[in-house]
Amino acid sequence: MKLPIYLDYSATTPVDPRVAQKMADCLLVDGNFGNPASRSHVFGWKAEEAVENGRRQVAELINADPREIVWTSGATESDNLALKGVAHFYQTKGKHIITSKIEHKAVLDTARQLEREGFEVTYLEPGEDGIVTPAMVEAVLRDDTILVSLMHVNNEVGSINDIAAIGELTRSRGVLFHVDAAQSAGKVEIDLQKLKVDLMSFSAHKVYGPKGIGALYVSRKPRVRLEAIIHGGGHERGMRSGTLPTHQIVGMGEAFAIAKQEMVAENARIKALSDRFFKQVSDLEELYVNGSQTARVPHNLNLSFNYVEGESLLMSLKDIAVSSGSACTSASLEPSYVLRALGRNDELAHSSIRFSFGRFTTEEEVDYAAQKVCEAVNKLRELSPLWDMYKDGVDISKIEWAAH
(Lines of atoms letter the chains of each structure in order from A and count residues from 1; the text may use other names and numbers.)
(Lines give C-alpha, C1' and ligand atoms only; values in the text may rest on other atoms or scores of the structure.)
Protein backbone atom coordinates (compact mmCIF):
# COMPACT_ATOMS: atom_id res chain seq x y z
CA MET A 1 0.00 0.00 0.00
CA LYS A 2 1.28 3.43 -0.99
CA LEU A 3 0.81 6.56 1.11
CA PRO A 4 -0.82 9.04 0.96
CA ILE A 5 -4.22 7.43 0.40
CA TYR A 6 -6.77 9.20 -1.80
CA LEU A 7 -10.32 9.13 -0.40
CA ASP A 8 -11.64 12.28 -2.05
CA TYR A 9 -13.12 10.86 -5.26
CA SER A 10 -16.10 13.22 -5.06
CA ALA A 11 -13.71 16.15 -5.59
CA THR A 12 -12.06 14.61 -8.64
CA THR A 13 -10.96 11.24 -9.99
CA PRO A 14 -7.69 10.23 -11.62
CA VAL A 15 -7.91 9.57 -15.35
CA ASP A 16 -8.35 5.86 -16.05
CA PRO A 17 -5.24 4.54 -17.89
CA ARG A 18 -7.49 3.27 -20.72
CA VAL A 19 -8.83 6.81 -21.11
CA ALA A 20 -5.37 8.39 -21.04
CA GLN A 21 -4.21 6.07 -23.83
CA LYS A 22 -7.11 7.05 -26.09
CA MET A 23 -6.45 10.74 -25.38
CA ALA A 24 -2.74 10.44 -26.15
CA ASP A 25 -3.62 9.20 -29.64
CA CYS A 26 -5.18 12.61 -30.43
CA LEU A 27 -2.28 14.93 -29.64
CA LEU A 28 0.85 14.41 -31.71
CA VAL A 29 1.61 14.98 -35.38
CA ASP A 30 1.17 11.31 -36.21
CA GLY A 31 -2.07 11.18 -34.18
CA ASN A 32 -5.60 12.50 -34.65
CA PHE A 33 -4.71 16.17 -33.99
CA GLY A 34 -6.87 17.94 -36.62
CA ASN A 35 -9.53 20.57 -36.00
CA PRO A 36 -12.96 18.86 -36.06
CA ALA A 37 -14.34 21.97 -37.79
CA SER A 38 -11.89 21.66 -40.73
CA ARG A 39 -14.16 20.39 -43.48
CA SER A 40 -11.68 20.47 -46.34
CA HIS A 41 -9.26 17.64 -45.48
CA VAL A 42 -8.87 14.24 -43.89
CA PHE A 43 -7.31 15.57 -40.65
CA GLY A 44 -10.52 17.46 -39.91
CA TRP A 45 -12.76 14.59 -40.98
CA LYS A 46 -10.94 12.14 -38.73
CA ALA A 47 -11.13 14.52 -35.77
CA GLU A 48 -14.83 15.10 -36.36
CA GLU A 49 -15.40 11.36 -36.48
CA ALA A 50 -13.66 10.97 -33.10
CA VAL A 51 -15.76 13.81 -31.63
CA GLU A 52 -19.00 12.23 -32.86
CA ASN A 53 -17.93 8.85 -31.50
CA GLY A 54 -17.37 10.47 -28.09
CA ARG A 55 -20.78 12.13 -28.33
CA ARG A 56 -22.36 8.73 -29.00
CA GLN A 57 -20.54 7.15 -26.02
CA VAL A 58 -21.76 9.87 -23.65
CA ALA A 59 -25.31 9.56 -25.02
CA GLU A 60 -25.27 5.76 -24.59
CA LEU A 61 -24.54 5.92 -20.85
CA ILE A 62 -27.64 8.08 -20.29
CA ASN A 63 -29.79 6.63 -23.11
CA ALA A 64 -30.09 9.89 -25.03
CA ASP A 65 -29.84 10.83 -28.71
CA PRO A 66 -26.23 11.88 -29.52
CA ARG A 67 -27.70 15.04 -31.10
CA GLU A 68 -28.85 16.06 -27.61
CA ILE A 69 -25.29 16.26 -26.26
CA VAL A 70 -23.58 19.68 -26.28
CA TRP A 71 -19.88 19.81 -25.33
CA THR A 72 -18.85 22.31 -22.64
CA SER A 73 -15.77 22.89 -20.48
CA GLY A 74 -17.36 21.06 -17.54
CA ALA A 75 -20.44 20.84 -15.33
CA THR A 76 -19.99 24.43 -14.09
CA GLU A 77 -20.32 25.75 -17.63
CA SER A 78 -23.17 23.32 -18.34
CA ASP A 79 -25.05 24.63 -15.28
CA ASN A 80 -24.43 28.22 -16.40
CA LEU A 81 -25.61 27.48 -19.94
CA ALA A 82 -28.72 25.66 -18.72
CA LEU A 83 -29.83 28.33 -16.23
CA LYS A 84 -28.84 31.47 -18.13
CA GLY A 85 -29.74 29.94 -21.49
CA VAL A 86 -33.28 29.07 -20.38
CA ALA A 87 -33.80 32.25 -18.33
CA HIS A 88 -32.83 34.53 -21.19
CA PHE A 89 -34.71 32.61 -23.88
CA TYR A 90 -37.96 32.11 -21.95
CA GLN A 91 -38.09 35.33 -19.91
CA THR A 92 -41.15 36.58 -21.78
CA LYS A 93 -43.01 33.52 -20.43
CA GLY A 94 -42.02 34.13 -16.82
CA LYS A 95 -39.15 35.08 -14.56
CA HIS A 96 -39.48 32.61 -11.69
CA ILE A 97 -36.90 29.86 -11.09
CA ILE A 98 -36.88 27.15 -8.39
CA THR A 99 -33.74 25.53 -6.96
CA SER A 100 -32.58 24.35 -3.52
CA LYS A 101 -30.28 25.66 -0.82
CA ILE A 102 -27.89 22.71 -1.17
CA GLU A 103 -27.09 22.92 -4.86
CA HIS A 104 -23.51 23.20 -6.09
CA LYS A 105 -22.17 26.76 -6.18
CA ALA A 106 -22.26 26.58 -9.98
CA VAL A 107 -26.06 26.62 -9.74
CA LEU A 108 -26.41 28.86 -6.67
CA ASP A 109 -24.05 31.59 -7.91
CA THR A 110 -25.68 31.51 -11.35
CA ALA A 111 -29.11 31.84 -9.69
CA ARG A 112 -27.83 34.82 -7.70
CA GLN A 113 -26.60 36.43 -10.92
CA LEU A 114 -30.03 35.92 -12.51
CA GLU A 115 -31.62 37.57 -9.45
CA ARG A 116 -29.43 40.61 -10.11
CA GLU A 117 -30.83 40.62 -13.65
CA GLY A 118 -34.40 40.76 -12.35
CA PHE A 119 -35.35 37.08 -12.12
CA GLU A 120 -36.97 35.73 -8.97
CA VAL A 121 -35.49 32.57 -7.44
CA THR A 122 -37.05 30.34 -4.77
CA TYR A 123 -34.48 28.36 -2.75
CA LEU A 124 -36.05 25.21 -1.32
CA GLU A 125 -35.00 23.90 2.06
CA PRO A 126 -34.39 20.13 1.80
CA GLY A 127 -35.34 17.60 4.46
CA GLU A 128 -32.80 16.56 7.10
CA ASP A 129 -31.85 13.71 4.79
CA GLY A 130 -30.71 16.16 2.11
CA ILE A 131 -33.57 15.29 -0.21
CA VAL A 132 -35.89 17.68 -2.04
CA THR A 133 -39.27 16.00 -2.49
CA PRO A 134 -41.76 16.50 -5.34
CA ALA A 135 -44.21 17.94 -2.77
CA MET A 136 -41.71 20.65 -1.84
CA VAL A 137 -41.37 21.62 -5.50
CA GLU A 138 -45.13 21.51 -6.11
CA ALA A 139 -45.76 23.84 -3.17
CA VAL A 140 -43.78 26.67 -4.77
CA LEU A 141 -44.63 26.18 -8.47
CA ARG A 142 -46.29 29.25 -9.98
CA ASP A 143 -47.79 30.20 -13.33
CA ASP A 144 -44.69 32.25 -14.12
CA THR A 145 -42.20 29.50 -13.14
CA ILE A 146 -40.01 28.68 -16.15
CA LEU A 147 -37.35 26.39 -14.66
CA VAL A 148 -36.66 23.99 -11.80
CA SER A 149 -32.97 23.16 -11.24
CA LEU A 150 -32.03 20.39 -8.80
CA MET A 151 -29.05 18.08 -8.46
CA HIS A 152 -29.41 14.33 -8.89
CA VAL A 153 -26.84 13.36 -6.24
CA ASN A 154 -25.57 15.85 -3.66
CA ASN A 155 -21.81 16.38 -3.84
CA GLU A 156 -21.33 16.74 -0.09
CA VAL A 157 -23.63 14.13 1.43
CA GLY A 158 -24.41 11.77 -1.47
CA SER A 159 -28.21 11.81 -1.10
CA ILE A 160 -30.22 11.01 -4.24
CA ASN A 161 -33.20 13.11 -5.34
CA ASP A 162 -36.16 11.39 -7.00
CA ILE A 163 -35.75 13.16 -10.32
CA ALA A 164 -38.23 10.79 -12.01
CA ALA A 165 -41.11 11.97 -9.80
CA ILE A 166 -40.06 15.63 -9.93
CA GLY A 167 -39.80 15.38 -13.73
CA GLU A 168 -43.37 14.05 -13.96
CA LEU A 169 -44.53 17.05 -11.95
CA THR A 170 -42.63 19.71 -13.91
CA ARG A 171 -43.61 18.22 -17.28
CA SER A 172 -47.28 18.15 -16.29
CA ARG A 173 -47.04 21.86 -15.41
CA GLY A 174 -45.11 22.85 -18.54
CA VAL A 175 -42.02 23.87 -16.57
CA LEU A 176 -38.50 23.03 -17.75
CA PHE A 177 -36.42 20.76 -15.49
CA HIS A 178 -32.62 20.96 -15.26
CA VAL A 179 -30.63 18.33 -13.34
CA ASP A 180 -26.97 18.58 -12.35
CA ALA A 181 -25.77 14.99 -12.75
CA ALA A 182 -22.05 15.60 -12.15
CA GLN A 183 -22.08 13.31 -9.09
CA SER A 184 -24.50 10.69 -10.41
CA ALA A 185 -23.26 9.89 -13.93
CA GLY A 186 -21.61 6.48 -13.87
CA LYS A 187 -22.92 5.80 -10.35
CA VAL A 188 -26.71 5.85 -10.72
CA GLU A 189 -28.63 4.58 -13.73
CA ILE A 190 -29.87 7.46 -15.89
CA ASP A 191 -32.36 6.78 -18.69
CA LEU A 192 -33.32 9.99 -20.46
CA GLN A 193 -35.83 8.18 -22.67
CA LYS A 194 -37.85 7.56 -19.52
CA LEU A 195 -36.96 10.53 -17.31
CA LYS A 196 -38.85 13.74 -17.97
CA VAL A 197 -35.72 15.86 -17.71
CA ASP A 198 -35.11 18.69 -20.19
CA LEU A 199 -31.50 19.58 -19.40
CA MET A 200 -28.76 17.63 -17.64
CA SER A 201 -25.18 18.62 -16.77
CA PHE A 202 -22.20 16.26 -16.83
CA SER A 203 -18.51 16.43 -16.00
CA ALA A 204 -15.77 14.06 -17.20
CA HIS A 205 -13.42 14.43 -14.24
CA LYS A 206 -15.89 12.89 -11.80
CA VAL A 207 -16.04 9.76 -14.00
CA TYR A 208 -12.30 9.02 -14.48
CA GLY A 209 -12.04 11.30 -17.50
CA PRO A 210 -9.99 14.49 -17.92
CA LYS A 211 -10.67 17.86 -16.31
CA GLY A 212 -11.82 20.72 -18.52
CA ILE A 213 -14.51 18.87 -20.46
CA GLY A 214 -18.19 18.32 -19.76
CA ALA A 215 -21.51 18.15 -21.53
CA LEU A 216 -25.04 19.46 -21.37
CA TYR A 217 -27.92 17.25 -22.44
CA VAL A 218 -30.50 19.42 -24.21
CA SER A 219 -33.77 17.62 -24.96
CA ARG A 220 -35.03 17.53 -28.57
CA LYS A 221 -38.46 16.06 -27.80
CA PRO A 222 -39.89 18.22 -26.33
CA ARG A 223 -37.52 20.74 -27.81
CA VAL A 224 -35.67 23.05 -25.45
CA ARG A 225 -34.31 26.36 -26.70
CA LEU A 226 -31.29 28.08 -25.15
CA GLU A 227 -29.66 31.44 -25.61
CA ALA A 228 -25.90 30.90 -25.95
CA ILE A 229 -23.50 32.42 -23.44
CA ILE A 230 -20.34 31.90 -25.54
CA HIS A 231 -20.37 33.24 -29.10
CA GLY A 232 -17.99 32.86 -32.02
CA GLY A 233 -18.14 30.37 -34.85
CA GLY A 234 -21.47 28.74 -34.10
CA HIS A 235 -20.04 25.38 -33.00
CA GLU A 236 -22.36 22.90 -31.25
CA ARG A 237 -25.40 24.09 -33.20
CA GLY A 238 -24.79 27.65 -32.03
CA MET A 239 -25.20 26.71 -28.37
CA ARG A 240 -21.51 26.72 -27.46
CA SER A 241 -18.84 28.18 -29.74
CA GLY A 242 -15.15 27.28 -29.56
CA THR A 243 -12.83 24.77 -31.23
CA LEU A 244 -13.68 21.34 -29.88
CA PRO A 245 -10.82 19.71 -27.90
CA THR A 246 -10.72 16.32 -29.62
CA HIS A 247 -8.49 14.64 -27.02
CA GLN A 248 -10.69 15.81 -24.12
CA ILE A 249 -13.86 14.68 -25.88
CA VAL A 250 -12.36 11.30 -26.76
CA GLY A 251 -11.37 10.99 -23.10
CA MET A 252 -14.84 11.82 -21.83
CA GLY A 253 -16.42 9.40 -24.32
CA GLU A 254 -14.13 6.55 -23.31
CA ALA A 255 -14.66 7.31 -19.59
CA PHE A 256 -18.45 7.19 -20.02
CA ALA A 257 -18.21 3.98 -22.11
CA ILE A 258 -16.16 2.30 -19.35
CA ALA A 259 -18.65 3.53 -16.73
CA LYS A 260 -21.55 2.00 -18.68
CA GLN A 261 -19.76 -1.34 -18.87
CA GLU A 262 -18.53 -1.54 -15.28
CA MET A 263 -21.11 0.45 -13.27
CA VAL A 264 -23.09 -2.43 -11.74
CA ALA A 265 -20.07 -4.45 -10.59
CA GLU A 266 -18.19 -1.34 -9.47
CA ASN A 267 -21.13 -0.06 -7.41
CA ALA A 268 -21.28 -3.37 -5.54
CA ARG A 269 -17.53 -3.23 -4.86
CA ILE A 270 -17.70 0.38 -3.64
CA LYS A 271 -20.68 -0.39 -1.40
CA ALA A 272 -18.71 -3.23 0.21
CA LEU A 273 -15.75 -0.88 0.81
CA SER A 274 -17.96 1.87 2.22
CA ASP A 275 -19.76 -0.57 4.54
CA ARG A 276 -16.42 -2.04 5.63
CA PHE A 277 -15.12 1.43 6.49
CA PHE A 278 -18.27 2.47 8.34
CA LYS A 279 -18.37 -0.76 10.36
CA GLN A 280 -14.87 -0.03 11.67
CA VAL A 281 -15.53 3.58 12.67
CA SER A 282 -19.10 3.06 13.91
CA ASP A 283 -17.91 2.11 17.41
CA LEU A 284 -16.94 5.74 17.97
CA GLU A 285 -19.39 7.58 20.22
CA GLU A 286 -21.26 10.65 19.00
CA LEU A 287 -20.84 9.71 15.34
CA TYR A 288 -23.46 11.05 12.91
CA VAL A 289 -24.09 10.13 9.28
CA ASN A 290 -24.99 13.21 7.23
CA GLY A 291 -27.55 12.88 4.45
CA SER A 292 -29.98 10.07 3.74
CA GLN A 293 -29.30 6.65 5.26
CA THR A 294 -31.12 4.90 2.43
CA ALA A 295 -31.31 7.04 -0.73
CA ARG A 296 -27.59 7.65 -1.16
CA VAL A 297 -24.70 6.63 -3.37
CA PRO A 298 -22.24 4.30 -1.61
CA HIS A 299 -19.29 6.30 -2.96
CA ASN A 300 -19.91 9.15 -0.53
CA LEU A 301 -19.83 8.85 3.25
CA ASN A 302 -20.15 12.15 5.12
CA LEU A 303 -19.66 11.76 8.86
CA SER A 304 -19.71 14.20 11.77
CA PHE A 305 -17.54 13.37 14.78
CA ASN A 306 -19.02 15.43 17.61
CA TYR A 307 -16.59 17.29 19.91
CA VAL A 308 -13.86 17.15 17.27
CA GLU A 309 -13.00 20.12 15.07
CA GLY A 310 -13.11 18.94 11.44
CA GLU A 311 -10.05 20.97 10.49
CA SER A 312 -7.96 19.45 13.29
CA LEU A 313 -9.11 15.98 12.29
CA LEU A 314 -8.07 16.71 8.70
CA MET A 315 -4.64 17.78 9.97
CA SER A 316 -4.34 14.59 12.03
CA LEU A 317 -5.08 12.42 9.00
CA LYS A 318 -2.03 13.71 7.20
CA ASP A 319 -1.55 10.72 4.91
CA ILE A 320 -5.24 10.39 4.02
CA ALA A 321 -6.82 12.75 1.49
CA VAL A 322 -10.37 13.58 2.56
CA SER A 323 -12.30 16.84 2.68
CA SER A 324 -14.58 18.92 4.83
CA GLY A 325 -17.27 20.49 2.69
CA SER A 326 -16.95 20.54 -1.11
CA ALA A 327 -13.60 21.10 -2.78
CA CYS A 328 -14.83 24.37 -4.26
CA THR A 329 -15.67 25.92 -0.91
CA SER A 330 -13.54 24.05 1.64
CA ALA A 331 -10.91 26.81 1.66
CA SER A 332 -13.20 28.94 3.83
CA LEU A 333 -13.67 28.17 7.52
CA GLU A 334 -17.42 28.72 7.32
CA PRO A 335 -19.26 25.51 8.22
CA SER A 336 -20.70 23.70 5.21
CA TYR A 337 -23.79 25.52 3.90
CA VAL A 338 -25.14 22.12 2.86
CA LEU A 339 -24.98 20.68 6.38
CA ARG A 340 -26.45 23.82 7.88
CA ALA A 341 -29.36 23.59 5.44
CA LEU A 342 -29.89 20.00 6.64
CA GLY A 343 -30.38 21.39 10.13
CA ARG A 344 -27.02 20.31 11.56
CA ASN A 345 -25.80 22.70 14.27
CA ASP A 346 -22.53 24.56 13.73
CA GLU A 347 -20.59 22.16 15.97
CA LEU A 348 -21.66 19.10 13.99
CA ALA A 349 -21.24 20.90 10.67
CA HIS A 350 -17.71 21.90 11.70
CA SER A 351 -16.87 18.34 12.72
CA SER A 352 -17.87 16.77 9.41
CA ILE A 353 -15.56 14.91 7.06
CA ARG A 354 -16.47 13.59 3.62
CA PHE A 355 -14.91 10.25 2.72
CA SER A 356 -15.41 9.31 -0.91
CA PHE A 357 -14.36 5.97 -2.37
CA GLY A 358 -13.59 5.13 -5.98
CA ARG A 359 -12.25 2.84 -8.67
CA PHE A 360 -8.72 2.56 -7.29
CA THR A 361 -9.62 2.30 -3.59
CA THR A 362 -8.55 -1.00 -1.98
CA GLU A 363 -9.67 -2.86 1.15
CA GLU A 364 -6.21 -2.33 2.64
CA GLU A 365 -6.55 1.45 2.20
CA VAL A 366 -10.01 1.46 3.75
CA ASP A 367 -8.80 -0.52 6.79
CA TYR A 368 -5.81 1.76 7.26
CA ALA A 369 -7.97 4.90 6.96
CA ALA A 370 -10.58 3.60 9.42
CA GLN A 371 -7.90 2.75 11.98
CA LYS A 372 -6.29 6.18 11.62
CA VAL A 373 -9.66 7.95 11.93
CA CYS A 374 -10.47 6.11 15.16
CA GLU A 375 -7.03 6.88 16.60
CA ALA A 376 -7.22 10.56 15.63
CA VAL A 377 -10.76 11.09 16.95
CA ASN A 378 -9.96 9.43 20.28
CA LYS A 379 -6.75 11.42 20.64
CA LEU A 380 -8.41 14.77 19.82
CA ARG A 381 -11.27 14.05 22.22
CA GLU A 382 -8.79 13.31 25.01
CA LEU A 383 -7.48 16.85 24.53
CA SER A 384 -10.95 18.39 24.50
CA PRO A 385 -12.45 19.91 27.66
CA LEU A 386 -15.86 19.79 25.95
CA TRP A 387 -15.54 16.01 25.61
CA ASP A 388 -14.76 15.73 29.35
CA MET A 389 -17.85 17.78 30.14
CA TYR A 390 -19.97 15.62 27.82
CA LYS A 391 -18.63 12.47 29.51
CA ASP A 392 -19.48 13.99 32.90
CA GLY A 393 -23.07 14.41 31.75
CA VAL A 394 -23.02 18.18 31.24
CA ASP A 395 -25.47 19.36 28.53
CA ILE A 396 -23.15 21.66 26.63
CA SER A 397 -25.92 23.19 24.53
CA LYS A 398 -27.46 24.66 27.71
CA ILE A 399 -24.28 26.41 28.86
CA GLU A 400 -24.19 30.18 28.52
CA TRP A 401 -20.60 31.12 27.83
CA ALA A 402 -19.43 34.40 29.34
CA ALA A 403 -17.42 36.80 27.23
CA HIS A 404 -14.28 38.21 28.87
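Using N, Cα and C of the backbone, Cβ positions are placed for all residues, glycine too.
The active site, cysteine persulfide intermediate feature in Swiss-Prot is assigned to Cys328; the stated evidence is sequence analysis.
The pyridoxal 5'-phosphate binding site feature in Swiss-Prot is assigned to Ala75, Thr76, Asn155, Gln183, Ser203, Ala204, His205, Thr243; the stated evidence is sequence analysis. The number of other CB atoms found within 10 A of the CB of Ala204 (pyridoxal 5'-phosphate binding site), across every protein chain shown, is 30.
Sequence annotations record features per position, and here Swiss-Prot assigns [2Fe-2S] cluster binding site to Cys328.
Per Swiss-Prot, N6-(pyridoxal phosphate)lysine is recorded for Lys206, and the stated evidence type is sequence analysis. In the shown protein chains, 28 other C-beta atoms lie within 10 A of the C-beta of Lys206 (N6-(pyridoxal phosphate)lysine).
Between the alpha carbons (Cα) of Thr243 (pyridoxal 5'-phosphate binding site) and Lys206 (N6-(pyridoxal phosphate)lysine) lies a span of roughly 23 Å. Counting other C-beta atoms within 10 Å of each candidate's C-beta, the binding-site residues Thr76, Gln183, Ser203, Thr243 are led by Ser203. It is 10 Å from the Cα atom of Ala75 (pyridoxal 5'-phosphate binding site) to that of Lys206 (N6-(pyridoxal phosphate)lysine). On the backbone, the CA of Thr76 (pyridoxal 5'-phosphate binding site) and the CA of Lys206 (N6-(pyridoxal phosphate)lysine) stand 12 Å apart.
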